[in-house]
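Peer 1: My structure is below; once you've seen it, I'll send some questions.
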Ligand SMILES: NC(=O)C1=CN([C@@H]2O[C@H](COP(=O)(O)OP(=O)(O)OC[C@H]3O[C@@H](n4cnc5c(N)ncnc54)[C@H](O)[C@@H]3O)[C@@H](O)[C@H]2O)C=CC1
Ligand SMILES: O=C([O-])CC(=O)C(=O)O
């Protein structure tokens, strides 16, 4: 085992995603069995007592890879020297709400956290925003993060990506491992566009393998895009274990790279690729090498896909304008 622990911050650590995420991080699911992890857990003051209980449980697991745990309510203390920051803490939506309804409530959390990261995190810190509305919260964080390069911030659309893989694999009755090149474009919201035109199943184009446009347009896309709401409806609470799992998938891919011949979906600051304007954090197909993501280039976008990407981008621009008006962009 290497001796220097990787310092990983988790915000909202006493919440329901935190309760799944922390144990998997501590067990080595992110960094593997040979790299110790030090957890830095941020909560609001009233939740610290509950968080102490979670830490007692972490202790009780005697995880060989868990090198230490610190908790606190001050981001400049908790984020000190962190190499990876998983920004989960935010208010989740309830039944009947859209994620955009959370902009004002949650936007106020991410400006001070971006600032604190710029003051105390490791220079090469990678920041993953899971808390909703994730894309625009990432934009708020990066715009308040001083000289941390924008490309060190990203938001989670891996859960949508995983949902899309699972739905497609179920439809074609193949193992999920047969699905490659899945892409989620745009916002982590009901306007997101899960794209089957560039996906592959057992080496074959996924749209052609399905062979049923009506299913793609009227079942697959809405099922993936509205899965979060369906889970809230069924469970009475928003997705937690699957969100934690996707957060680990996202961070692991960013640290360790994409599998040969495949790509993943990540919401990243747009560089103008595919006509998505700069100044928003939007989901793209990306590959990762040596800890650096690159947007996959050269995919042909037909009119069906174009209209859906544009609609989601328009929503992101609206969210950007709204948080700008609220004074949340640094
Ligand atoms: N991007 C994605 O795919 C997904 C995102 N989410 C989002 O993740 C977020 C967290 O969800 P849950 O864990 O279910 O919520 P939760 O309500 O169970 O936990 C959130 C925790 O964040 C804490 N918190 C609030 N303000 C904070 C601050 N300023 N600093 C640190 N901690 C703070 C709360 O005290 C609470 O313990 C929500 O915004 C939810 O909508 C959930 C599922 C998927
Ligand atoms: O839908 C929600 O509010 C939680 C979430 O982001 C998801 O499950 O995708």
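Heads up, the Cβ atoms here are built off N, Cα and C, so glycines get one too.
Whatever TrEMBL says is automated annotation, not expert-curated.
Pulled the feature table from TrEMBL, pasting it below:
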DOMAIN    6-153  domain 'Lactate/malate dehydrogenase N-terminal'
BINDING   12, 13, 14, 15, 16, 17, 18, 106, 113, 130, 131, 132  NAD(+) binding site
BINDING   93, 99, 132, 163  substrate binding site
DOMAIN    157-323  domain 'Lactate/malate dehydrogenase C-terminal'
ACT_SITE  188  active site, proton acceptor
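In terms of burial and nearby residues, how do these features look in this structure?
Peer 2: Mapped onto DSSP classes, the domain 'Lactate/malate dehydrogenase N-terminal' (6-153) shows 67 helix, 28 strand, 53 coil.
Every protein chain considered, the tally of other Cβ atoms within 10 Å of the Cβ of residue 113 (NAD(+) binding site) stands at 27.
Sequence-distant neighbours of residue 99 (substrate binding site): residues of the same chain at least 6 apart with a C-beta under 8 Å from its C-beta are 93, 132, 133, 134, 188, 189, 228.
According to DSSP, residue 188 (active site, proton acceptor) is assigned to coil rather than to any helix or strand.
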Peer 1: Roughly how many angstrom lie between the C-alpha atoms of residue 113 (NAD(+) binding site) and residue 163 (substrate binding site)?
Peer 2: 29
Peer 1: Taking only the residues the record lists as binding substrate, namely 93, 99, 132, 163, what is the largest Cα to Cα distance between any two of them, in Å to the nearest whole number?
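Peer 2: Pairwise Cα check on 93, 99, 132, 163 gives a maximum of 19 Å.
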Peer 1: Tell me which of the binding-site residues 16, 132 sits in the most Cβ-dense spot, judged by other Cβ atoms within 10 Å.
Peer 2: 132
Peer 1: Given residue 12 (NAD(+) binding site) and residue 163 (substrate binding site), what distance in Å do their CA atoms have, once rounded to a whole number?
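Peer 2: One finds 24 Å between the Cα atoms of these residues.
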Peer 1: For residue 18 (NAD(+) binding site), what is the tally of other C-beta atoms lying within 10 angstroms of its C-beta?
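Peer 2: That number is 26.
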